[in-house]
Amino acid sequence: MGKRKKNDESSSSSSQKPCVSSSSDDFSVSFVRAEEDDVATTIRDKTASLKSNATHFSAASAAKGGMFDFRCCRSLFSRRRVLHSRTVRVGYGPVGHDANVTFTPNTVCNQKYNIFSFVPIVLFQQFKFFLNLYFLLMACSQFIPAIQIGAPITYWGPLGFVLTITLIREAFDDFVRYLRDRDLNSEKYEKLTRDGTRIEIRSADIEVGDVIIMHKDRRVPADVVLLRTTDKSGACFIRTDQLDGETDWKLRIPVPHTQHLPNEADIMELNCEVYAEKPQKDIHAFVGTLKITDDDNVQDGSLNVENVLWANTVVASGTAVGIVVYTGRETRSVMNTTLPESKVGLLDLEVNNLTKLLFCFVLVLSSVMVAMKGLDNLWYRYLMRFILLFSYIIPISLRVNLDMAKLFYSWQIGRDKHIPETVIRSSTIPEELGRISFLLSDKTGTLTKNEMHFKKIHLGTVAFSSDAFEEVGQHVRSAYAGRLAKHSFSAKLQNAVEAIALCHNVTPIFENGEISYQAASPDEVALVKWTETVGVRLASRDLHAMSLSVQLPNGQTLMKQFQILYVFPFTSETKRMGIIVKDETTDEVTLLMKGADTVMSGMVQYNDWLDEECSNMAREGLRTLVVARKPLSQAELEAFDRAYHAAKMSISDRSQNMANVVNRMLERDLQLLCLTGVEDRLQDQVTTSLELLRNAGIKIWMLTGDKLETAICIAKSSGLFSRSDNIHVFGNVHNRTDAHNELNNLRRKTDVALVMPGSALNVCLQYYEAEVAELVCACTAVVCCRCSPEQKAQIVQLLRKYRAPLRVAAIGDGGNDVSMIQAAHAGIGIDANEGKQASLAADFSITQFSHVCRLLLVHGRFCYKRSCALSQFVMHRGLIISTMQAIFSCVFYFASVSLYQGVLMVAYSTCYTMLPVFSLVVDRDVTATNALTYPELYKELGKGRSLSYKTFCIWVLISLYQGAVIMYGALLVFDADFIHVVSISFSALIVTELIMVAMTVHTWHWAMLLAQALSLGLYMISLILFDQYFDRQFVLSWVFISKTTAITAVSCLPLYIVKALRRKFSPPSYAKVN
């Protein structure tokens, strides 16, 4: 014993070959031999009397780091680009000081790595995680003879397996990106040369200043200023769904000077220079100018976003010719491509915490073993060797198992026929779906269909609903026929209908003999379709003119032509749109405007009915728009034209200057024509879905930008507010005192469904953020109206801050929901007809709201429960073998000798047990039907009982018990040769692990049976082939089988009995419904 304490230790068993380093260190070799001799002489003396304790583990999942490393490498090894404006000349490229500037190439590169950086970056990404770094250090320590434990393959094998899978996955993903990039860079386009001829050019070879030709249904390869189209009117429609997610066609206008040229070759003969601002991210703004010099004549013109085609948009009509102003990384599409922050699931964080506990346990257990052995000058070597021996407590394969499981969950959700076209865009957080406590939902397009139907028009003195629209048509036709006085009621109705038919951005498209309408908003399409039903049809529209087809009482058709002078498009900031038209029959010039009542009420002449009727319509659940007009004299038009042109030519603050001119000169003293009401119908099965989610313990909040009355109406009709709810509407809050009073009023009520305007929310959060979180979260349902996109995200952050660790999900369908979706723990986007922004930004994409029930209650449950079981079994697998190792060391005087050698240790966690444990990802504790029928089952998941410190301790105790039984049992029943201890204990260990998996299964699947059979068969073959580890004659005897069976029965039977009794006398909820 004294000699052994003075020397360093190595690993071996008496009948196993010692793994000694090839180093010539005589001290180390002599120590190993001495240690082996002592172990061999002590085995028979210490087979009956010892007990030991062990531990349990979990591996840390890390989802946040990869993108950071990618950014780091780019920032370290790439030169910072300086963005600046540029002036390009048609046919000559950049001119002036820009002629010497090297602009970014037009190559598309989405690859993370190149051939040299691939291995270093991937390895860096992996070893920055503590778990992988820990195992790397353990593996490297095996090259030090003094602390070597067994064969290096024991430690390098699992680490190499994990790294190989990671490298293969990353290489495959990057190769797919490379192929996609190569296809885009190799696309062919036509370029105009100085002499006007066309040549073919690759997309990657396009440069700033090139004049290129883009045909219909082709991708725009760079940001170009539109010079000419084949459409006679000069209209060019583009699809922007790959840029901003919106599926409606956008109208783009070429430069008038070049559009009027006879053919495209004439463009190259112009002395034309285009100035473009420095590259920026805003896809809705562009500042530029165009200058054409012809002898002594200089023509200047302004350029805005309507004159530009952004890269990655698609030409939807005709052929376009444009000059390239931005390429490559300076294009709007690339500058708006941000790497979203990776989300980390709560389960991953819990597993990470358990991993830290296990690491601490390894240190404590190793320290105890060293202390029990006795401290001397070489204690640190003993400590290192014990840490190496017990390193299996921290299973390196856990992270790989969880990552593979997440990919399987994503595949399974994607092919669920009950929720078709569901897309998983973030495969790292499927378990989050199983623990949602708050669901924040948009209204329009999410709870409602975003299919608008015109329902009501109010003219101040009389209102017409859908059942009286035929009467409206009679009035309008009579007015156009000229039978009534100018100021009669019919004439007023005519003016209102005509204004609705003209004030929009709708374009009729004729395809295959049918007419369809393209517009940015479904509200506008609903209005135009309604005017058609009452006899005023939008016949045609181009950049400069619009025609209406009016049905007269005698059956004839009257065509009215209007010249479009100016269009002021709708934005979410202005909440209105306007148009100035000139009637070509009467030469009357009129400004027509429509918009939200909140902004239009301050622009129209005094009236006593607008606010009241807006509230009435909102209570009916209708979306309202105020329509108004203002006749303009020629002098007023000319004055506006001069001021507006001057604002358009400004380089800085152009948009603001233009808006100021419009507001100052036009948006005053408008004549109120009518108030329109459009209905947005509820999505299919919304009411039953909300009830199902509420029964599942999920609190549902509706966040909308609509009016208070409309929001309340939809909340009631959808079932968000139940009949028993006491609806509390927040009053006007302007200051801290108001907020304090309103919050006190709310505090005194119970079973409250809260309605809070966005303005009140802002004030309350400014002064009483914590109190708002406490009181609002206690409400049964919450509706926030007049909510901006920023406020939606702010509400999500409020819940995340004050209700952690409860999980928050957000669901929406539009661009205004993106910030909310990205801020939530789980973002769900609805793939809407009008746009894909929310769908593309979300973690999960569905096609309708009702699908969220199956996504959460079925797939969310399965993902969470399966990952919990998988994590605990991987930890159990490492704990049980470490328990056996600890007992083995204690029996033999705390020797740091490995119980199992080389291939056995590697195969234990891979070939023999990996498939059965991983097969738990197809287990189901309840059927999908029962999960939806009994939504109350979902409530229990939020408590986190499937993986908690309690369950962790239970599995630790199970591992300690089974490890002790197997190890002590093997020592008790073996006869003479120590190799029999290895055979019996390792066989009992493998069979116990397979039986434990089988005992955990709730619903058997063919993949589980196959995994069990393959693993058991592979191990039985190993018993025959690995004669260096097993005595072939012994393992084929009945003695071996009986001893192994007995030990396995003692380790598993008591646990089975306890489980059976528990299911009989205290069954879990899922067992009751089954």
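Backbone N, Cα and C atoms are what each Cβ position is placed from, and that goes for glycine too.
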Correct range for transmembrane segment (source Swiss-Prot, candidates 143-163, 773-793, 794-814): 143-163
Query: Across all protein chains in the structure, which of the recorded positions Asp442, Asp813, Asp817 has the highest Cβ count within 10 Å?
result: Asp813
Field: Top partner of the transmembrane segment (978-998) among 143-163, 354-374, 886-906, 1006-1026, 1038-1058 - counted as Cβ pairs under 8 Å
entry: 1038-1058
Field: Best-contacting stretch, by C-beta pairs under 8 Å, relative to the transmembrane segment (118-138) and drawn from 354-374, 378-398, 886-906, 954-974, 1006-1026
entry: 378-398
Query: Which one, 143-163, 354-374, 886-906, 1006-1026, 1038-1058, has the most C-beta pairs under 8 Å toward the transmembrane segment (954-974)?
result: 1038-1058
Task: Starting from the Cβ centroid of Asp442, Thr444, Asp813, Asp817, which together make up the recorded Mg(2+) site, report each further residue of the same chain whose Cβ lies within 8 Å of that point, ordered by sequence.
output: Ser441, Lys443, Gly445, Thr446, Asn450, Gly812, Gly814, Asn816, Ile830, Ala832, Ala838
- prompt: Do the transmembrane segment (143-163) and the transmembrane segment (886-906) share at least 3 Cβ pairs closer than 8 Å, excluding pairs fewer than 6 residues apart in sequence?
  reply: yes
Field: Rounded Cα-Cα span from Asp442 (active site, 4-aspartylphosphate intermediate) to Asp817 (Mg(2+) binding site), Å
entry: 7
Spatial separation of Asp813 (Mg(2+) binding site) from Asp442 (active site, 4-aspartylphosphate intermediate) - C-alpha basis, Å: 8
Message: I want to verify one value. Collapsing DSSP to three states, which class is Thr444 (Mg(2+) binding site)?
response: coil
